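Working notes, structure below.
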Amino acid sequence: MADASAGNNAGSTSNAEVQIQIPAGPPKAEPGAPSKNSGAKNWRWWMMVSVDVFFVVAGQTSATLLGRYYYHQGGSSNWISMFVQTAGFPILFLALLCFPKSSGGGGASGDAPVAKVAVIYVVLGLVIAADDMMYASGLKYLPVSTYSLICASQLAFNVIFSYVLNSQKLTGLIFNAVILLTLSDALLGVNHDETEDMSGMPRGKYLMGFLLTLGASGTYSLILSLMQLTFENVIKKHTYMAVLNMQIYMALVATIASMVGLFASGEWRMMTEEMDTFRSGQFSYFMTLVWTAVSWQITSVGVVGLVFEVSSLFSNVICTVSLPIVPPFAVLIFHDTMDGIKIISMLIAAWGFVSYLMQHFIDDKKARKAAAGG
Ligand SMILES: Nc1nc2[nH]cnc2c(=O)[nH]1
């Protein structure tokens with residue numbers, strides 16, 4: 001699905017079913033809405049996209065701050081950090097209750113063969129678990145600045161995967177946005193106040209940290225492109241129920257994988273010790289993990305929603321735009337300093353985002369003109 005050239009209206013609702021935009025899917029004409037083939041988007045599409053953007057920005061900001069709070073107060077387990085990234089998925093069943101069965105969600109797979117969809121969810125769930133582990137472990141062997149710099153490569157990986165797997169249209173405005181957003185992340189990485197002494201880290205471990213973090217960046221981008229591909233070519237069901245189902249089953253597989261790791265590594269025993277030594281107390285430890293898990297689920301719903309309504313690249317763009325939003329909150333919560341580089345990073349991210357958005361407005365305008373003319 002190439003978001004810039006996307007063609008669909010995303011949006012009328014009927015019987016609580018929310019139609020979302022999947023440009024490569026079968027046509028579904030909605031009376032009174034711009035035609036699918038025109039590629040023009042109606043106000044409902046923009047509203048749904050805005051809600052998903054809000055979920056990603058709010059979810060990722062709070063998950064990042066809570067994750068930092070966990071380490072700040074004495075937490076140290078990578079397996080626990082990995083576990084909470086997907087373990088909150090049961091709350092999505094509450095969201096599923098909002099969509100009656102008659103709304104046409106079609107269970108986990110819509111009209112696609114259940115076995116095929118199950119295999120895809122298991123594979124994607126395991127890849128997500130691997131990504132979560134690499135994402136959490138890279139930081140163990142690298143200074144935060146190096147880690148953040150490597151994470152900034154995520155968007156560049158996504159450009160390649162979405163071009164190859166999703167036929168993403170790459171224009172000057174999109175390239176401009178990707179370069180600016182990568183630069184904005186990289187600035188945050190370079191600017192990080194280095195408090196850790198990594199001088200004792202063996203070269204081999206440093207290299208491992210580098211490869212794990214680079215692997216996480218590539219894997220995350222691949223996951224987003226594969227999700228888009230699955231939705232377009234296999235599920236072909238244009239409902240929010242299908243989006244939620246996909247998120248629930250993939251998170252279930254990833255959570256089982258992280259629980260196996262947590263128990264096999266013996267780190268689960270650390271939980272009671274961590275709880276006892278957590279600086280702000282046991283209740284706070286429990287609440288930190290619960291709300292981190294909830295925040296990651298809110299993020300994931302937004303991320304998956306954006307993949308299906310727009311594209312994997314746009315979803316990753318919003319994840320990247322969220323990063324420079326964290327520092328002002330860290331100033332309030334952790335009394336970090338807000339320096340000029342962090343402000344410049346935010347401004348560059350805003351410029352990159354506007355550049356990407358411009359492409360959408362241009363495409364939408366063209367599509368409306370074509371629809372009016374044809
Ligand atoms: N690699 C990677 N994994 C994630 N898991 C949740 N967010 C991210 C991300 O931005 N990158």
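Backbone N, Cα and C atoms are what each Cβ position is placed from, and that goes for glycine too.
All annotation found in TrEMBL is predicted automatically rather than curated by experts.
It should be emphasised that the depicted structure is a prediction, and the values quoted were computed from it without experimental measurement.
Sequence annotations record features per position, and here TrEMBL assigns transmembrane segment to 45-67, 79-100, 112-130, 142-165, 172-190, 210-231, 243-264, 284-308, 313-334, 340-358.
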Give the nonlocal contacts of the transmembrane segment (172-190) in its own chain as ranges (CB under 8 Å, at least six residues past its ends).
4, 144-149, 151-153, 155-156, 159, 313, 317, 320-321, 323-324, 327, 341-342, 344-346, 348-349, 351-353, 355-356, 358-359, 362
I need to check the long-range neighbours of the transmembrane segment (45-67): which residues 6 or more away from its ends have a CB within less than 8 Å of a CB in the stretch?
9-11, 18, 20-21, 81, 288, 291-292, 295-303, 305-306, 309-310, 315, 318-319, 321-323, 325-326, 329-330, 333
Is it true that the transmembrane segment (313-334) and the transmembrane segment (79-100) have 3 or more Cβ pairs under 8 Å, skipping pairs fewer than 6 apart in sequence?
no
Intrachain residues whose Cβ lies under 8 Å of the transmembrane segment (210-231), provided they are six or more past its termini:
1, 22, 120, 124, 127-128, 130-131, 134-135, 137-139, 141-142, 146-147, 150-151, 153-155, 157-158, 160-162, 164-166, 242, 246, 303-304, 307-308, 311-313, 315-316
Recorded stretch that, among 79-100, 243-264, 284-308, 340-358, has the most CB pairs under 8 Å to the transmembrane segment (112-130):
243-264
Report, as numbers and ranges, every residue of the chain located at least six residues beyond the transmembrane segment (284-308) whose Cβ falls under 8 Å of a Cβ in that stretch; write 'none' if there are none.
20-22, 48-49, 51-60, 62-63, 66-67, 69-70, 73, 75, 80, 84-89, 91-92, 95, 224, 227-228, 231, 240, 243-244, 246-247, 251, 274-275, 278, 314-315, 318-319
